[in-house]
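According to Swiss-Prot, the feature Zn(2+) 1 binding site maps to CYS307, CYS310, CYS331, CYS335. Taken from Swiss-Prot, the feature Zn(2+) 2 binding site covers CYS322, CYS325, HIS349, CYS353. Feature annotation from Swiss-Prot assigns compositional bias 'Acidic residues' to 110-123. Marked as compositional bias 'Basic and acidic residues' by Swiss-Prot: 124-135, 165-185. Taken from Swiss-Prot, the feature compositional bias 'Pro residues' applies to 704-718. Annotated compositional bias 'Basic residues' per Swiss-Prot: 719-736, in sequence order. Sequence annotations record features per position, and here Swiss-Prot assigns region 'Disordered' to 70-94, 109-192, 556-583, 696-736. According to Swiss-Prot, the zinc finger annotation covers 307-353, on the basis of sequence analysis.
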Amino acid sequence: MEFVSGYRDEFLDFAALLFGWFRKFVAERGTMGTSLEGRWRQLESQIRRLPQDPALWVLHVLPNRSVGISLGQGAEPGPGPGLGASRLLGDEPPLHLRDLSPYVSFVSLEDGEEGEEEEEDEEHGERPGMEKVEPQEGGEPAPPSKRFPQEAKPAPESEVTQQEASREEGSREERPEDERAPEKRKGQKNAEAAPLHLSCLLLVTDEHGTILGIDLLMDGAQGSVGQNPGTENLAPRAYALLCHSMACPMGSGDPRKPRQLTVGDAHLHRELESLVPRLGVKLAKTPMRTWGPRPGFTFASLRARTCHVCHKHSFEVKLTPCPQCSAVLYCGEACLQADWRRCPDDVSHRFWCPRLSAFMERVGELASLPFTYTAEVTSETFNKEAFLASRGLTRGYWTQLSMLIPGPGAPRYPWGSTSSLSCLLNGDPYQLLQGDGPALMPPVPLEPPRSLFGSWQDYYTWRGLSLDSPMAVLLTYPLTVYYVITHLVPQSFPELNIQNKQSLKIHVVEAGKEFDLVMVFWELLVLLPHVALELQFVGDSLPPESDQQHFTMQRDGPEVSLRPGSGVSARFNSGTKEKGGRRDLQIRVSARPYHLLQGPKPDLVIGFNSGFGLKDTWLSSLPRLQSLRVPAFFTESSEYGCVMDDQTMAVATGGGTSSPQPNPFRSPFRLRAADNCMPWYCNAFIFHLVYKPPQGGTVRSAPGPAPRPPTPAAPPVPARRRRGEKKAARGPRRRR
């Protein structure tokens with residue numbers, strides 16, 4: 001697929017942006033010995049003429065003593081477009097952080113210090129997952145930071161690691177086994193090189209949280225752990241960083257200089273007192289001794305655009321959309337022509353341009369939502385992190401929608417682990433949907449809905465939600481399932497009579513993300529209270545420790561209880577009603593590709609934001625669905641994704657997909673794309689699979705998996721005469 005905006009982890013784009021800016025900064029800064037009287041003198045005169053930013057700028061000095069970066073086999077240093085690791089993964093960029101696990105892992109440098117003497121007897125001083133620092137050719141150990149420009153080449157992995165460090169600190173004990181790969185590779189002598197140590201990070205932000213520049217002080221030796229990274233030699237680097245941040249700010253906005261600057265280190269503050277005024281910038285009288293941002297401070301979303309062909313960021317080149325479709329961004333005529341003439345023709349922009357132009361016409365339709373915040377969240381410059389933080393949505397399931405990490409002292413919520421659900425539930429299925437303020441979900445209405453809902457407006461009105469509530473972002477998953485059951489299946493498969501079924505078995509395929517939000521599906525029983533539901537989450541991205549788990553959520557008075565699944569399947573199959581005529585919700589987990597799943601045939605299959613062309617297992621799972629021939633509905637985050645899914649379905653099975661239609665229960669949050677301007681929304685469009693007719697379909701026009709020759713075939717003439725005689729004989733008897 002050419003465009004992966006709706007499928008790629010935002011954090012990877014964020015890391016690629018940081019590294020792209022950092023790589024440009026290192027290239028323009030030159031070697032560390034470059035005198036300030038050189039190129040930076042020329043830059044000073046340019047900066048003095050820049051317009052002034054009224055916001056306060058902050059230079060943060062952030063040491064790191066505990067986390068190291070271990071590069072796996074094949075992780076060779078070298079710059080490349082975006083994340084350097086993408087070069088190791090072929091032409092397709094990585095879509096998830098776990099895609100980098102063979103190349104990058106985290107190691108605890110503190111553990112290495114504490115256990116060094118004990119491990120020395122057994123492993124000659126080597127910790128599990130890391131090797132002893134090797135000396136250079138002359139017998140000298142690698143210098144700590146003098147070789148920083150050379151050491152900067154592996155920075156893409158370092159960048160990801162630095163940003164993940166806080167999450168690693170808070171959830172180390174909760175990581176699955178495959179996340180602790182370095183410990184498993186104990187005894188492999190040539191597994192990986194010495195861990196990189198990012199000793200210090202210099203970060204320039206404004207008072208609103210926009211990141212403007214970054215510098216990494218890295219050394220490859222573990223021996224420096226525990227030592228305070230000295231700031232006596234940081235002044236030239238910090239000054240160069242400030243100059244580059246003003247001339248080429250990483251965040252949004254044109255080049256500018258701050259009205260005032262404050263520094264987070266006392267010694268560095270003194271060193272910069274004579275340098276910063278040369279830029280026409282006022283330095284605060286005293287350093288920022290503690291972290292003291294404004295109450296609403298949060299790092300703003302960074303979504304710098306990139307050229308679709310060369311992947312250069314907007315701070316490197318000027319980007320303009322294609323003049324015909326306005327959908328794809330290019331840095332100039334050369335990249336536009338290269339994309340226009342690509343071979344084969346069906347991947348060229350010449351082929352896709354009119355189609356992308358039609359997709360762009362959906363911008364207004366997809367942004368037509370009833371919420372009070374619609375204009376903000378559907379904007380191309382939507383700052384999602386600031387939106388969530390301003391509403392106190394920084395814990396529970398909300399953390400999975402953004403890159404915000406809970407700070408020290410904040411409650412930790414495990415992700416995607418059914419074993420933790422019992423302690424998290426506490427009788428309230430909406431606990432993980434709450435923010436820091438008042439309850440977001442009102443009590444369940446006493447009466448079930450009397451009509452079917454086909455829009456967020458109707459659902460919010462019945463549920464007692466204000467149109468200012470952002471709950472639609474999480475409830476898009478259960479409401480999409482509800483819409484498929486109540487509207488789309490009756491329209492496309494009326495013979496199933498699904499609305500009259502008392503129990504439904506639904507398979508949710510490739511459901512790694514949806515399983516991490518499993519409690520939102522309780523809303524299905526609120527909307528369909530008289531239907532017994534079984535949701536089976538299937539996919540190899542599910543936690544391996546959750547495989548074959550089975551539990552039931554059941555209403556007990558005003559609360560909801562969670563029970564293991566032993567003996568529950570009988571209740572589901574029998575259709576026994578719970579108290580008040582309500583039924584329970586069963587959850588099953590199968591951590592495997594769908595084509596390897598064994599079990600009863602489902603009533604319905606659903607997949608969210610599937611991206612058939614991005615994962616090879618779909619080439620096996622789609623034929624499996626073809627053989628089952630059950631209604632299978634899928635959502636996509638863009639109309640482009642629907643077209644690619646149709647092509648993949650044709651290749652895998654010879655079938656196709658229905659025409660996609662906008663999902664009225666799509667997420668209101670627009671997904672910002674890096675190399676294009678197309679509208680991307682989670683669950684934006686819905687389609688269903690159109691299966692290839694069975695092999696016997698050409699012989700008989702009547703559909704059906706197994707033909708019955710005796711019934712429709714022309715019977716022998718004598719038999720027809722006998723039936724006629726019988727009918728004639730019966731006629732007079734009836735009249736008498």
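The chain as shown is numbered from 1 upward.
Backbone N, Cα and C atoms are what each Cβ position is placed from, and that goes for glycine too.
All features noted in Swiss-Prot, drawn onto the structure.
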residue : record                : DSSP (3 states)
CYS307  : Zn(2+) 1 binding site : coil
CYS322  : Zn(2+) 2 binding site : coil
CYS331  : Zn(2+) 1 binding site : coil
HIS349  : Zn(2+) 2 binding site : helix
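Looking only at the zinc finger (307-353), the predicted model's pLDDT averages out at 94.
Checked against CYS331 (Zn(2+) 1 binding site), the binding-site residues CYS322, CYS325, HIS349, CYS353 differ in C-alpha distance, with CYS322 being the nearest. One way to see the shell of the Zn(2+) 1 site is to take the Cβ centroid of CYS307, CYS310, CYS331, CYS335; the remaining same-chain residues with a Cβ within 8 Å of it are THR306, HIS308, VAL309, HIS311, LYS312, VAL317, LEU319, TYR330, GLY332, ALA334. Sequence-ordered, the extra residues of this chain that approach the Zn(2+) 2 site, with Cβ no more than 8 Å from the Cβ center of CYS322, CYS325, HIS349, CYS353, are GLN324, ALA327, VAL328, TRP340, ARG350, TRP352, PRO354, LEU356, SER357. The separation of CYS335 (Zn(2+) 1 binding site) from HIS349 (Zn(2+) 2 binding site), Cα to Cα, is 11 Å. In sequence order, VAL317, LEU319, LEU329, TYR330, CYS331, CYS335, ASP675 are the residues near CYS307 (Zn(2+) 1 binding site), counting only same-chain partners six or more apart with C-beta under 8 A. Shown are the binding-site residues CYS310, CYS322, CYS331; of these, the residue with the fewest other Cβ atoms within 10 Å is CYS310.
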